[in-house]
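J.: Take a look at the following structure, please.
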Amino acid sequence: MGRPDPEEGQLPAPVKPPDGGWGWIVLLGCFVITGFSYAFPKAVSVYFKELMKDFHVGYSDTAWISSIMLAMLYGTGPVCSIMVNQFGCRPVMLIGGLLASAGMILASFTTNIIELYLTAGVLTGLGMALNFQPSLIMLGTYFDKRRPLANGLAAAGSPVFLSSLSPLGQVLLEKFGWRGGFLIMGGLLLNCCTCGAVMRPLDMGMKRKMGKAQDKYEAKEMLPIGGKSEEGISTTDGTKKGKKAKKKPKKGKKLLDFSIFSNRGFIIYTISKFILVLGLFVPPILLVNYAKDTGVPDTEAAFLLSIIGFIDIFARPACGMVAGLKWVRPHVAYLFSFSMLFNGLTDICSARASNYTGLVIFCVFFGISYGMVGALQFEVLMAIVGSQKFSSAIGLVLLIEAFAVLIGPPSAGRLVDALKNYEVIFYLAGSEVVLSALFLGVASYCCLNRGKKEPLPENNPSAGGGSDTEEAESDVQEAEEHSSDNHQPAHSTDNAVVVANEEANHVAEEQRGEGGGCPAGDGEVLARDGCNADQMVERDSF
């Protein structure tokens, strides 16, 4: 990567996002995690009829399993942020993978619906939440220039896994029953642990490398090389230990950085996202029943969701590529606003669709706009708050979205029961999405672009950001400060250097007095054991 070699006595450069390399493996892991997190709560719905028969409950009772999973995914955002800031991404993801798998395995042995809520709902939902959030944080750590494309590719995991897990669940249900299907699904969720294991922090080994580099740097630049070199190096090691003992303790990281609420861009994003979620998920939830009420056969009505998923698979990476263009990326918030406006107008214009052809056209445009929203939502948040504060920002945003998820779709369902009219629901949902788009675009232009004088968040890292790169950057900064203080070393190192200089000068004077030896050039000191050029140390280095 063109970094200085620590073995040559130079300090390592700060870690920067590689935009490739191992980052592609991290992207693959994030793809899998995103697929499980968003698709799994919907895929378990294929088991609901069997659960209704075995436990003698209604559809609304079994539907709470998916609702609890989604509530855990969104509502535990701050808890995930605190754990990531405290322990790092990889340990949290490993624990999350074990919890998600254990929840489904235990669910296969349950005897009533309440136990299913606690195992498949709470435990599995919490495990997926502990995987989803850290994977996005690691993705932002490994990618910078290609981050929009990376976010688009990772977001494509949701439609891919939804189109795969639902048929797989149906096959497992027919061959092994719902208990066997839950058991196998629990085994599949262990892949989350594999994805967590590949989330290698960028600063791994940085402290060790910097320690070796400092030893080499100090020994080469500060100490005479010769008979005293080993003694000098050992003295340097002792000095280093003494400095560690006297080093001022670091300020602890904030477990949850609420200072992001002072960022006007974050406030605007959060409000618009809350309004968006109120109406975004309503059309796909009601689409199948709406199609059946218009006279569409059951199989063709179910195929409408497959059309949305298929279009969504290609829309997310394509939108990520567009967002990564040089002339588009500085204005990615406006592209996000456009995608929301596109989605809302699609809902409004399709509210009067009364035949299957009109519904298919709606699904095509809805799949494109829905994919654009999914690809850009986290990219915009990263651009607003920066990678260092993203771990806290996403947790707080998901918590606020949880309230919108619990308000939007249930309210739409109650309106359908009361009005017996889907057209009004599509108008209402589309209006909410359009309102969020207009608010984001207008507020960003008026409040941020006009009079925006504060620096970018990336250039102003906060102590509470909690990203994996932040700690490495602070360690490198300390190392650079330490190397710049070589003109004022510790007391024990000063003594060793002064003694070595006095002895070397004394030998040089004796050799000059005897008329032997080699002449010393200006600014140079002769080494004790000879006159070779390799054994000279410049006095200016002190």
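Placement of Cβ uses the backbone N, Cα and C atoms for every residue, glycine included.
TrEMBL: automatically predicted annotations, no manual curation.
The compositional bias 'Acidic residues' annotation in TrEMBL covers 468-478. According to TrEMBL, the feature compositional bias 'Basic and acidic residues' maps to 503-513. Annotation source TrEMBL lists domain 'Major facilitator superfamily (MFS) profile' at 23-448. Look at TrEMBL and you will find 228-248, 456-524 tagged as region 'Disordered'. The transmembrane segment feature in TrEMBL is assigned to 21-40, 63-84, 91-110, 116-137, 181-202, 266-291, 303-325, 332-353, 359-378, 390-412, 424-448.
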J.: Six or more residues beyond either end and a Cβ under 8 Å away: which residues meet both conditions relative to the transmembrane segment (390-412)?
T.: 70-71, 73-82, 84-85, 133, 136-137, 140, 254, 256-258, 260, 266, 269-270, 273-282, 285-286, 378, 381-382, 384, 425, 428-429, 432, 464-467
J.: Under 8 Å, at least three CB pairs between the transmembrane segment (303-325) and the transmembrane segment (359-378) (pairs 6 or more apart)?
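T.: Between the transmembrane segment (303-325) and the transmembrane segment (359-378), contact is present.
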J.: Per-residue pLDDT averaged over the domain 'Major facilitator superfamily (MFS) profile' (23-448) comes to what?
T.: 84
J.: Taking residues 6+ outside the transmembrane segment (181-202), which of them lie with a CB under 8 Å of any CB in it?
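T.: Distant Cβ neighbours of the transmembrane segment (181-202) are 15, 17-18, 22, 25-26, 28-30, 32-33, 36, 40, 44, 47, 88-90, 92-94, 96-98, 100-105, 107-108, 120, 124, 127-128, 131, 134-135, 138, 141-142, 169, 172-173, 468-469, 472.
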